[in-house]
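Colleague: Dumping what TrEMBL says about this protein:
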type: TRANSMEM; residues: A:16-34; note: transmembrane segment
type: TRANSMEM; residues: A:54-70; note: transmembrane segment
type: DOMAIN; residues: A:55-162; note: domain 'Ferric oxidoreductase'
type: TRANSMEM; residues: A:82-101; note: transmembrane segment
type: TRANSMEM; residues: A:113-134; note: transmembrane segment
type: TRANSMEM; residues: A:154-172; note: transmembrane segment
type: TRANSMEM; residues: A:178-194; note: transmembrane segment
Amino acid sequence: MTPVDRVNAGLRRVPVWPLYILGALPPLWFLWLGLTGGLGVEPIKALEHELGELALQVLVAGLAVTPLRRHLGLNLMRFRRALGILAFAYVFLHLLVWLVLDVQIPAQIWADIVKRPYITVGMAAFALMVPLVATSNDRAVRWLGPRWRRLHRLTYPAVILGAVHYVMLVKGFQIEPLLYLGGILALLMLRIRVPRRLRTA
Amino acid sequence: IAAGLPGRGRAQDALEPNTWEEITSYNNYYEFGTGKEDPARYAGQLTTEPWSVRIDGLVDRPGDYAFADIMERMTVEERIYRFRCVEAWSMVVPWNGFELADMLDLAGVQEGARYVAFETVLRPEEMPGVSRPVLEWPYVEGLRLDEARHPLTIMATGLYGRPIPNQNGAPLRLVVPWKYGFKSIKSVVRVTLTADEPPTSWNVANPREYGFYSNVNPEVDHPRWSQASEREIGGGLFARRKPTLMFNGYEEEVAQLYEGMDLAENF
């Protein structure tokens with residue numbers, strides 16, 4: 001048994017449900033910090049940013065599952081659904097903070113969505129995730145059959161749009177959002193299966 | 001001086017300054033990093049003594065003016081101003097400073113001068129942010145000469161009666177209260193009187209988003225967000241937005257500077 005096999009065997013005994021509990025902690029922690037001054041003197045933007053970045057991080061983790069299995073033999077497939085649902089929850093909270101605490105004015109929310117490209121892109125990413133979270137249960141998987149896999153390829157454009165949203169919203173030339181976008185594109189590239197005849201050429 | 005500015009006293013009375021903590025912990029000073037807390041964390045390493053300002057260009061007495069000598073000849077007073085960031089947040093700041101016009105007179109402005117260019121100190125060994133190409137360094141700004149000579153335009157050297165902290169632009173920084181905050185350039189080392197409009201950092205970085213004038217104007221949006229409202233710092237997680245005022249509330253004092261100009265065009 002290789003070390004990876006041993007890790008995989010160990011992981012099979014780890015239940016998935018604690019991931020949801022663990023995943024609920026960061027937003028609660030940020031909310032607590034926001035209420036008690038821990039996010040600085042302008043907690044609204046800080047909370048919005050923390051939630052958005054957290055969503056991107058979990059999406060990156062979700063995208064890493066397949067390459068890790070394919071290239072290292074590490075099997076985290078059982079946890080992927082939880083990662084996707086958590087990522088959606090974070091994006092939803094991020095959106096909620098933007099709507100309720102940040103913009104506040106309903107007429108301006110709609111104007112922003114149609115007029116500001118970075119918000120349009122962010123909203124598109126969110127919209128793409130809605131059918132994914134709605135079909136993240138065993139019944140939907142059975143009901144959709146092979147169509148489920150095709151539908152869930154929407155993850156890729158959703159994650160790319162999420163990272164582009166981050167790149168577009170910063171002022172000046174900043175590295176961090178580009179690192180997310182680069183990392184995401186690299187992870188997506190790792191999933192591309194090179195046809196056999198090209199591989200031997 | 002205040003007698004010549006009927007609107008100012010009135011506007012000042014209504015303003016409740018933000019706390020020292022708020023003003024000194026939430027800053028944009030990209031030479032120390034792009035995070036709002038970066039300047040407070042890293043600006044302490046900036047050496048501000050000795051300090052001198054080179055005043056040159058179209059002036060009678062160009063040269064390096066030592067900060068102490070400038071201070072000796074200037075009249076420092078308190079000015080409580082609204083401060084509106086282009087990012088749609090705002091504060092009220094009790095500055096201590098002197099009118100820029102007085103400092104320009106030290107060097108004697110020549111006939112042909114029409115603009116004033118400003119430059120921030122650039123010290124890579126003390127400024128961790130400048131290793132990243134967020135903007136072109138050093139940071140530069142500019143004003144039209146009549147804007148620079150306007151009595152509301154000051155060089156701030158203090159905050160709440162104390163020397164201005166490094167993260168707020170020590171030892172002296174420009175404050176132009178009717179323009180977005182980035183116009184109020186920090187830690188000034190050079191002031192040049194010119195005949196032509198000087199380059200300004202944010203305009204060079206993104207001319208579509210940041211104009212030379214950058215007057216606070218609720219009717220002209222930033223391409224990426226609305227400028228119609230702002231959030232005052234210090235309101236916590238449930239702070240309400242409030243409407244942004246034309247020229248940041250200094251319309252009565254400065255609107256005549258822009259008479260006949262299309263403010264959407266000259267944003």
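One-based numbering along the chain as shown.
Cβ atoms here come from the backbone N, Cα and C positions, even for glycine.
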Colleague: What stretch of A:16-34, A:54-70, A:82-101, A:113-134, A:178-194 shows the most Cβ pairs under 8 Å to the transmembrane segment (A:154-172)?
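Modeller: Comparing A:16-34, A:54-70, A:82-101, A:113-134, A:178-194 against the transmembrane segment (A:154-172), the winner is A:113-134.
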Colleague: Other than its close neighbours in sequence, what residues sit by the transmembrane segment (A:113-134), given a CB gap under 8 Å and a spacing of at least six beyond its ends?
Modeller: 84-85, 87-88, 91-92, 95, 140, 151-152, 154-155, 157-159, 161-162, 164-165, 168-169
Colleague: Under 8 Å, at least 3 Cβ pairs, sequence separation 6 or more: does that hold for the transmembrane segment (A:16-34) versus the transmembrane segment (A:178-194)?
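Modeller: Since fewer than 3 Cβ pairs under 8 Å link them, the transmembrane segment (A:16-34) and the transmembrane segment (A:178-194) do not come into contact.
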Colleague: Which value does the mean pLDDT take for the domain 'Ferric oxidoreductase' (A:55-162) in this predicted structure?
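Modeller: Here the mean pLDDT over the domain 'Ferric oxidoreductase' (A:55-162) amounts to 96.
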Colleague: Under an 8 Å Cβ to Cβ limit, what residues of the same chain, 6 or more beyond the ends of the transmembrane segment (A:54-70), are close to it?
Modeller: 23, 26-27, 76-77, 79-80, 83-84, 86-87, 90-91, 94, 155, 158-159, 162-163, 166, 180, 183-184, 187-188, 190-191
Colleague: Which bits of the chain, at least 6 residues beyond where the transmembrane segment (A:82-101) starts or stops, bring a Cβ under 8 A of a Cβ in it?
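Modeller: Sequence-remote neighbours of the transmembrane segment (A:82-101) are 16, 19-20, 23, 27, 44, 47-48, 51-52, 54-55, 58-59, 61-62, 65, 109, 122-123, 125-126, 129, 132-133, 136, 155, 162.
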Colleague: Pull the DSSP breakdown for the domain 'Ferric oxidoreductase' (A:55-162) and write it out as helix, strand, coil residue counts.
Modeller: 97 helix, 0 strand, 11 coil
